[in-house]
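**Student:** According to TrEMBL, the compositional bias 'Polar residues' annotation covers 595-617. Summarising the annotation, TrEMBL assigns compositional bias 'Low complexity' to 618-631. Sequence annotations record features per position, and here TrEMBL assigns region 'Disordered' to 595-631. The transmembrane segment annotation in TrEMBL covers 113-130, 150-168, 180-199, 236-258, 270-289, 310-331, 407-425, 437-455, 548-567.
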Amino acid sequence: MQAVLQTKGILSLPSNPRTRAFHPPPSQGLRHRFNPLNPLLKPNSFNGSSLSLDGFSKFQGFVTKPQLVGQKNKTFPICRAEAAAASADGQPVYGEKESPKFMGIELVTLKKIIPLGMMFFCILFNYTILRDTKDVLVVTAEGSSAEIIPFLKTWVNLPMAVGFMILYTKLANVLSKEALFFTVILPFIAFFGAFGFVLYPLSHYVHPTALADKLLNILGPRFLGPLAIMRIWSFCLFYVMAELWGSVVISVLFWGFANQITTVEEAKRFYPLFGLGANVALIFSGRTVKYFSQLRQNLGPGVDGWAISLKGMMSIVVVMGLAICSLYWWVNHNVPLPTRSKKKKEKVKMGTMESLKFLLSSRYIRDLATLVVAYGISINLVEVTWKSKLKAQFPTPNEYSSFMGDFSTATGIATFTMMILSQWIFDKYGWGVAAKITPTVLLLTGVGFFSLILFGGPFAPALAKFGMTPLLAAVYVGALQNIFSKSAKYSLFDPCKEMAYIPLDEDTKVKGKAAIDVVCNPLGKSGGALIQQFMILSFGSLANSTPYLGGVLLGIVLIWLAAARSLDGQFTALRQEEELEKELERAAVKIPVVSQNENGGNGSLASGSTLNPTGGDSASTSSESSSPRNV
């Protein structure tokens, strides 16, 4: 029996096909059973053509049919399988010029990726400077302390973020993408420049210090945080604008632009490198903050060293911002946009109540939501308490800023190292261990941090031998906690969270992610701030609340670990089930072969005949008149 493939439509077999010997290379697998090559002909002979189904020469990408008398010369595109095979071999489709490459990367791709990488570096460089500076301003200002941060995040930052997104949505409906980008980013650049050279030098004249002092005497010290927002309103405005730079310029503007001009294949290849580049920006910007913070040492008496440092850092922010605008303009006018499918996927939108119902209905989604909320609350509880001790150890703005520069550099180095090690951790220990590392780090360092705060007296003699006080030791342990928890979050927690969605069915995956985005992310970010506000108003100050905050942190981390353990069992079971289904599907796959008699025409399917992918063609089942057919 002569085995052939049934082809219809644009591909057809001639009535008298040529018969050639069948010599597939043993290492080429199943594909060469359908596309064997004549061993006497080299693959690149005939100027890139190869033998087609009917024995005629076939160029890459087109099959030539036998021409009838008077018929015009026509070429027909090959089927998708042929095109995929050609592209898999790295051969360009006929008629398309191969793009020039540099070090294996197409120049068109490099024209996108290099400017994007430079933009991302500048944005993260600015963000690190702004993040360190905003804490210095609001924590070390006269009449303020770290207690202002929970109130600032809840009652100023959150409303302004909501208001900005409403404004951004309205602007997106009337402006082009390029105009929208510049309309959003230029006010940020202008504000930071104006703050360094105008608002901060005039802060003594524009801040209502006398009114804030009068209200503080009436309401009592427990209202120090809320009143400090009014007392240093320009610093609080800087704080909010710095926070919005992280959420708006990084998340909305940069990633929106990157997703607009890159393909999925380019994103898979180059987006992880952006993460490494972000940590390099952390290292360099941390050194920059350290340098400007130490300028005070070279200035004469009576000079406001922090004002000089602020002008230098804001000048760099403005220059980097203008560089971002220039790179964006160049990419928009010199790089072609990739073609996109016009078919849009329908996105599931869930309200708050619908999200809550869906969260409660699935144990898997509940555990995943617990991880997200627990991280947001835990990091907020520790960070604010640590910053209050940091101010006690480094009371002046220059000292505080200098320490934050070292902190940012150490965070960048630790995160860079952890991102390299994370692949090894996932491969050797699996998802469960990787998911438990972040809460374990928070638990161990949290116990040390709160122990030094609450029971520092007995440790004082031992610490004195190392030249440290309990306060300084608590600052260093708190810094280590923030460094390692953030590096573990970026390198392990975020990948674990995204991986947990993979084995879910499509409906649960889409609805679960929507529910967590609507409910859990805001709840985690504001939950810690609300807990701190309640305790400050109840116990009078953040210092009096420290023992209770330590207890709350311990309980939340234990719940986090329990949820991670539960989710690990469910995740493993789903993965095993998915692998089993794939194995069953592979075992059940059969490739039908068409039989054709020597006198027949197009042929018909041979019932029960299969092509054995490992054992070759079976000779025992073929009839005497059948012979191998080269297709």
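Keep in mind that glycine also has a Cβ here, set from the backbone N, Cα and C atoms.
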**Student:** Report yes or no: does the transmembrane segment (310-331) come within contact of the transmembrane segment (180-199), defined as 3 or more CB pairs under 8 Å with a sequence separation of 6 or more?
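**Tutor:** The transmembrane segment (180-199) and the transmembrane segment (310-331): touching, yes.
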**Student:** State the residues, same chain only, that lie 6 or more residues beyond the ends of the transmembrane segment (437-455) and have a CB under 8 A from a CB inside it; answer 'none' if no residue qualifies.
**Tutor:** 374-375, 378-379, 382, 385-386, 389, 425, 470, 473-474, 477-478, 480-481, 484-485, 488-489, 492-493, 546-547, 549-550, 553-554, 557-558, 560-561, 564
**Student:** Please work out which recorded stretch in 150-168, 180-199, 236-258 has the most C-beta pairs separated by under 8 angstroms from the transmembrane segment (113-130)?
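**Tutor:** Stretch with maximum Cβ contacts: 236-258.
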**Student:** What residues in the same chain, six or more past the boundaries of the transmembrane segment (548-567), come closer than 8 Å to it by Cβ-Cβ distance?
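**Tutor:** Long-range Cβ neighbours of the transmembrane segment (548-567): 363-364, 366-368, 370-371, 374-375, 377-378, 381-382, 385, 432, 435-436, 439-440, 442-443, 446-447, 450, 453-454, 500, 531-532, 535, 539.
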